[in-house]
Amino acid sequence: MSDVVLLVLAIIFIIIFVLIYCTIFFEFDETTFSKRLHVLTEYAKRTNAEHPTPDVLGHVSDVYEHTYIVTWFNTNDLSVYHETVHDDTIEVFDFLEQKFSPAKSTVAQRVAPSASDPNAFVLTGDKSEVKMHCPQHFNFDYNQLKCVPINPCDTRAPGLYAMDEHLLDALVHSQHLDKDYTINAHLQHPTLYLRCLADGSYVVQECPDNYTFDAATSECKVNELCQGRPDGYVLDYFPETLLVNEFVECYESKHVVKQCPEQHVFDRQLMTCVQAHPCAFNGAGHTYITADIGDTQYFECLNNQESQLITCINRVRNTDGQYACSGDARCANLTDGTGQLVHMHVDDTFEYASGQLVCDNFEVISEIDCNTSDVLTNMLFLQKFKLETEFPRQVFDNGECVPATFNNVRVLNDTFPIQNVPNDYNIDMQTSIIGLTDMIPKLLAGDDLDDTFGQNVVLARDVGAVGLNPVTAEPIDCLGTQLFDVLDASRANICTESGDGVLKTLKFENGTFLSVFRDNLTGSDIDYKRFCAISYENSLKIVKSDHFERRILTNILQSDVCADLYTTMYQKYTTLARKYTTTPFQYTYTFVKPPPNIVVYAKNIQLKNATISKPAFDPFANKQIDNKNNLAKPLFDPFKNAVWYSEPDGGDGDHWGPDLPPPVQPDSEPDESEPEPEVSPLILDKKDLFYSCYYELPSFKLTSCYAENDVIIDAITDLRNNVTVDAECEPAKDLHYVLNAYAYTGNGVGCRSVFNDDGVAVIKEPIPSYVFANLNTQSNDGVHYNRHVHVKDGRYMACPDHLYDDVEFRCNVEADKLYYLDNMQF
């Protein structure tokens, strides 16, 4: 019994000992211990003569770029004391002095590739650089900061290569051994071979059964099958290139290809030549080849008697021994369907590589498509211009997709077309403005886009041309049936139907202007004197001058709208009595300034608010005749209406005296028939013209007629206070501030302010003159062309732009001015 107890105790002690040993063994890091021992030994060697060994010693244990770790350990047992992390751009560790000191200079990189040796790399220390080498068949990869195996196909063209000892170790056994492979360099694997692909990648492949790889021809060759077989022995061997009437037999211990007699085929089941159709014994789906077809064709049986010819990109034979098509059509233009095909993009302006297709034996093994989306596609300059060219985001360069620059993109043309966004005037400016290709890199640099655009264009007006060819930038006279330049609207060409010749050149002088919607392109306005002409010579300022206004102070002419309106109002509001009995209007009371500024005054009449009384007599009045003696009465008779005054006592005091008027009585109510004072004459003097311009195209004309008569001023006030409005035009009632103003309010309702016999009215047009998609801008393209029509909260107002109060939605129109609006283009 005691022996059993002792045995059990012994086993227990052994188990405990094993556990303790394993714990110590597995926890103990022999490599780390050896490193610390080496550090301690090195320190002792270099400093023991000067310093005693410290209790704690530090050393740099790990480095990652500019960050390093200092590990401190006890020198008596080499156990870790503590670890600290540091940045070598701030401080460096002096191993011998065992202290830190400030970094004297910043080290750009601790690890760098060697410029002359891909197998080497450079380590930068605090005081010097050390060149290190990777193992053989390795190169240093700076991106990974490590040594990586060399690609076996780096220096080999696409094709098949024998598998030597090094390739076998590295690619098959995944072993990178540091040994001398030159001893067995002549040896190769019999069936395995290396296949280098066109994209630089590789695969390890093996020859079929009964085949051996021939390094001399770089192909798999069939092993001899006729060893020990008699002549005439037919082999059950059918190579891919064997025709339907051919078979393989032995002759002198070698296999040779034989043919069946004419009109015979070789039956591979009967293993003999038969006189029959190739499909007779095999049926539908069987495939075969003949001598009269191409290398990429084969016949496929439809039934026992018919077959069809199949043409492929590449003909192969599958595992069932039947022919089939393989390959990608994109590889068809490559020799043997193997190689690299770089995709090139070419347009009128640029040429660049957009990607790469890599094929091997007519199969696509890799394809790279770079992101060639247009970096300019969403750019709109000056809110209306876009570039009719594309610059890619990426291009294919040196085997990868990289950002596109003018260094890897070829420029084919120094200019490119520019297109403007659609506008309400249907104006196409592609012949007026051409872009310079030098603009593109400046735009990509992020400069002010609008300024960069405007400074890098060519204008037709700058070269004295009506238009420019959008592609070649050459001057042209026609593009279609008419050609004009809205940036220089002084002329236009009427062309033939085919657009190959000029029928007539129009020149717009004073009184005429370019009207784009008229067939003859000519509009007339007696006041217009090319006020919309742009005088800038700087292209940036010209292209920015899309909307501006010209104000002109001039005289009212006898035939213009001011004369017509005020003449009509004067006739209507001039009266002889309080009952507004109108007098026949006479032009002798109307004074219109002709082109020379001549002021014409009326005859001597009493004006309203005059302070000079009437004369006692009129020396030019008709003389009266005395009926008694037929003599003319004197112009002035001092005794007329006189009485003889006699004193009561007589004497010299008697005399003639004037007849005294009756006593002054209170004023009585004037008789309704009492004539009104004569009214002031109609004076037509000044007017303001406001021309709205779309570049050099006059779009709207606002006329401000000055009123210089009290009658007209009162009439204007009366008209504005008594405006009539059609029910459907109630939202547009404020159009009355400007006559002939128009607003489209939606739902087929177009309203216009008019002056008629009844006064000023805002009426609904039977058919709207214009229908706008954008009610707020009163346009179709979202541009506010008419600056004198304003929209707010569903209400419409016509008001000169300089008098409009947007906050209060109010028109601060003057009492002595009447406004009239003309649309000069429609």
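Heads up, the Cβ atoms here are built off N, Cα and C, so glycines get one too.
Marked as compositional bias 'Acidic residues' by Swiss-Prot: 668-677. Annotated domain 'Chitin-binding type-2' per Swiss-Prot: 223-281, in sequence order. Per Swiss-Prot, N-linked glycosylation site is recorded for Asn210, Asn333, Asn371, Asn413, Asn510, Asn520, Asn609, Asn722, and the stated evidence type is sequence analysis. The region 'Disordered' annotation in Swiss-Prot covers 651-679. Per Swiss-Prot, the feature signal peptide maps to 1-18; the stated evidence is sequence analysis. Per Swiss-Prot, the feature zinc finger maps to 147-196.
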For the zinc finger (147-196), jot down how many residues DSSP puts in helix, in strand and in coil.
8 helix, 12 strand, 30 coil
Expressed to the nearest Å, what is the distance separating Asn722 (N-linked glycosylation site) and Asn520 (N-linked glycosylation site) at their Cα atoms?
42
Contact set, same chain, for the signal peptide (1-18): CB under 8 Å, 6 or more residues outside the stretch
none
Given the glycosylation sites Asn371, Asn413, Asn510, find the one whose Cα is closest in space to the Cα of Asn333 (N-linked glycosylation site).
Asn371
Cα proximity to Asn520 (N-linked glycosylation site), best match among glycosylation sites Asn210, Asn413, Asn510
Asn510
On the three-state reduction of DSSP, what should I expect for Asn413 (N-linked glycosylation site)?
coil
Measuring CA to CA, name the entry from the glycosylation sites Asn210, Asn371, Asn510 that ends up nearest Asn413 (N-linked glycosylation site).
Asn371
Ranked by the number of other Cβ atoms within 10 Å of their own Cβ, which of the glycosylation sites Asn333, Asn413 ranks first?
Asn413
Let's see if you can do this one: DSSP helix, strand and coil counts over the domain 'Chitin-binding type-2' (223-281), in that order.
0 helix, 19 strand, 40 coil
Around the C-beta of Asn210 (N-linked glycosylation site), how many further C-beta atoms are within 10 angstroms, looking at every protein chain?
12
Among all protein chains shown, how many Cβ atoms are found within 10 Å of the Cβ of Asn520 (N-linked glycosylation site), not counting that one?
11
For Asn510 (N-linked glycosylation site), just count the other CB atoms lying within 10 A of its CB, please.
11
If one measures from the C-alpha of Asn510 (N-linked glycosylation site) to the C-alpha of Asn371 (N-linked glycosylation site), what distance in angstrom results, rounded to a whole number?
55
